[in-house]
Amino acid sequence: MARERQQSRVFDDAAHLASMGHKAELNRHFSPLAMLGLAFAILNSWTALSASLSLALPSGGPTSVIWGLITAGICNLSLAASMAEFLSAYPTAGGQYHWVAVIAWPKWRPLLSWITGWINVSGWIALVASGGLLGSQLIVGVISFTNQNYVPQRWHQFLIYIGYNLVAFLLNAFGNSLLPYVTKGAFAWSITGFVIISITVLACASPNYASGKFVFTEFINDSGWPGGIGWLLGLLQAGLGLTGFDAVAHMIEEIPNPHVEGPRIMIATVMIGIFTGFIFLTCLLLVSGGSANVQNIIGSAAGPLLAIFYNATGSKAGSICLLMFPLVCLLFATISIMTTSSRMTYAFARDGGLPASRFFAKVHSKHEMPLNALILTTVLVVIFGCIFLGSSSAFNAIISASVVALGVSYAIPPAINCLRGRKMLPPRPFVLPGPLGWMCNLLGIAYVIVTTVLFLFPPTLPVTGSNMNYCIVAFFIVIVISVVQWFVDGRKNYKGPVVELVGEGEEDQVVYAADNDDLDDKRGAAVER
């Protein structure tokens with residue numbers, strides 16, 4: 001009986017996807033728990049937040065680390081809830097660009113969908129790069145920690161970065177059926193590491209804890225910017241630790257009952273990230289040595305995280321053992337981000353949004369995954385690594401680019417929906433009630449506007465060629481390529497995603513969002529019913 005219900009649900013899910021013009025080519029072999037594991041492996045908030053302490057400690061200190069997380073957490077939770085409404089209504093791997101095509105003004109649907117898709121694809125590819133960069137940074141820190149004579153070279157970190165991404169590529173390409181088990185393992189490993197490290201550092205440092213005043217009120221500004229701007233720049237750490245929750249949307253065609261499970265997983269991922277991140281960062285600051293030691297931590301060649309572990313345990317071996325948890329978490333994160341990035345690239349190509357779209361929209365018959373889209377993602381990630389070889393500020397630029405691009409793609413659908421009176425979504429299982437919906441939408445949009453501007457600022461003053469934030473250059477290049485490609489190909493051929501099929505069997509006629517002039521009227525009638 002249970003198997004029959006499951007088969008019926010799979011058929012229903014496939015039928016709904018078919019109604020939007022797409023054949024169900026990907027197996028729905030991710031359970032809700034496996035999908036939660038994948039989504040949390042990508043956020044891995046406590047790991048990403050602790051591995052990127054170097055972004056916030058010089059720009060606001062503990063106040064930026066703790067209260068920046070709360071600020072970004074509330075705003076990202078608002079964005080997640082806003083996007084969960086769209087996911088509940090239109091559960092397709094295209095995510096944001098598909099939603100924009102459905103709700104935007106008829107005249108602007110293709111262009112707005114096109115821009116959103118390009119921004120989202122580039123953001124996910126940059127996020128793949130951030131996983132390997134954080135992991136390679138920690139490993140180079142371990143070598144510096146154990147060998148005082150070691151002089152880090154960029155190419156050392158580059159090779160480690162390539163290793164991370166090579167492992168992720170091989171598992172995604174040849175172990176697609178293993179991914180649900182990998183993501184469940186990633187979730188278990190992450191929560192286990194969070195608990196073990198928190199208990200260990202608190203026990204080893206007892207009773208020599210930093211004061212509550214230091215943990216919650218200490219302000220440090222080594223950025224050169226005025227205090228307020230410096231603190232806001234520290235939000236980049238929290239932004240990185242909580243971005244990527246739209247992974248659920250791009251993997252939604254691989255879980256059953258997506259209308260209901262997708263929104264739950266998206267919101268739960270951010271909530272778990274805020275909770276674990278707040279607890280873990282508080283523990284780290286408590287055992288950091290306080291005001292007397294914070295500058296040593298900021299300037300440590302081993303990196304702030306390993307320096308805090310050593311201050312708490314007093315043991316190099318013990319500190320490195322604890323670091324194994326975040327190192328493996330970052331490998332899991334790289335694998336999961338690459339999975340999601342390939343699905344997003346595949347979905348956009350499936351709707352004709354990329355050059356050579358037919359090639360990148362192919363699903364490999366044997367491995368049952370979009371291999372060509374995966375290869376494209378990996379090649380671009382290697383190119384990003386080559387940029388890192390040429391500039392020491394590329395690390396911040398790539399992280400900033402991923403956070404900025406994804407944030408912009410999160411804000412576009414709710415912004416259009418707000419401009420149209422929040423009346424553009426049909427009846428769906430997940431609904432934000434009136435005032436709460438407006439509040440979540442507007443708060444999330446405001447957060448994206450502020451952080452998009454701030455994260456393009458150089459991290460420190462005075463600005464030099466080496467510390468310049470090249471995020472704006474990377475973002476500009478993406479916009480230029482997308483605009484040129486729009487005039488070369490998109491303007492004539494891109495009609496956005498399919499929104500419905502008319503007819504049956506071989507007589508099906510595809511209706512694109514761009515061509516469906518009465519789409520708003522149909523949606524309005526559905527909402528009234």
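Any Cβ shown, glycine's included, is placed from N, Cα and C.
Per TrEMBL, these features apply:
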{"type": "TRANSMEM", "residues": "33-53", "note": "transmembrane segment"}
{"type": "TRANSMEM", "residues": "65-90", "note": "transmembrane segment"}
{"type": "TRANSMEM", "residues": "111-135", "note": "transmembrane segment"}
{"type": "TRANSMEM", "residues": "155-174", "note": "transmembrane segment"}
{"type": "TRANSMEM", "residues": "186-209", "note": "transmembrane segment"}
{"type": "TRANSMEM", "residues": "229-252", "note": "transmembrane segment"}
{"type": "TRANSMEM", "residues": "264-287", "note": "transmembrane segment"}
{"type": "TRANSMEM", "residues": "322-349", "note": "transmembrane segment"}
{"type": "TRANSMEM", "residues": "369-390", "note": "transmembrane segment"}
{"type": "TRANSMEM", "residues": "397-416", "note": "transmembrane segment"}
{"type": "TRANSMEM", "residues": "436-457", "note": "transmembrane segment"}
{"type": "TRANSMEM", "residues": "469-488", "note": "transmembrane segment"}
For the transmembrane segment (369-390), the distant same-chain contacts (Cβ-Cβ under 8 Å, at least six residues beyond its ends) come to 26, 124-126, 128-129, 132-133, 154-155, 157-158, 161-162, 165, 169, 172-173, 176, 338, 341-343, 345-346, 349, 359-363, 398
Suppose I define contact as three or more CB-CB distances under 8 A, residues 6 or more apart in sequence; do the transmembrane segment (33-53) and the transmembrane segment (186-209) meet it?
yes
In the same chain, which residue numbers or ranges, 6 or more beyond the ends of the transmembrane segment (264-287), come under 8 angstroms Cβ to Cβ?
32, 35-36, 39-40, 43-46, 49-50, 53, 62, 65-66, 69-70, 73, 76-77, 80-81, 83-84, 87, 191, 194, 197-198, 201-202, 204-205, 209-210, 214-215, 238, 241-242, 245-246, 248-249, 305, 308, 311-312, 430
Under 8 angstroms for C-beta pairs, at least 3 of them, ignoring pairs fewer than 6 apart in sequence. Is the transmembrane segment (229-252) in contact with the transmembrane segment (65-90) by that rule?
yes
Under 8 Å between C-beta atoms and at least six residues away from its ends: which parts of the chain pack against the transmembrane segment (469-488)?
111, 114-115, 118-119, 122, 126, 355, 391, 393-394, 396-398, 400-401, 404-405, 455-459, 494
Pairs 6 or more apart in sequence, C-beta under 8 angstroms, 3 or more of them: is that satisfied by the transmembrane segment (65-90) and the transmembrane segment (436-457)?
yes
Cβ under 8 Å, sequence separation of at least 6 from the ends of the transmembrane segment (397-416): give me the contacting residues as numbers and ranges.
52, 55, 79, 82-83, 86, 96-97, 99-100, 103-104, 112, 116, 119-120, 122-124, 126-127, 129-130, 133, 236, 239-240, 243-244, 246, 384, 387-388, 391, 424, 440-441, 444-445, 447-449, 451-452, 455-456, 469-471, 473-475, 478
The transmembrane segment (186-209): which same-chain residues, six or more beyond its ends, come within Cβ distance under 8 Å?
33, 36-38, 40-41, 44, 46-47, 276, 279-280, 283-284, 286-287, 308-309, 311-314, 318, 322, 325-326, 328-329, 332-333, 335-336
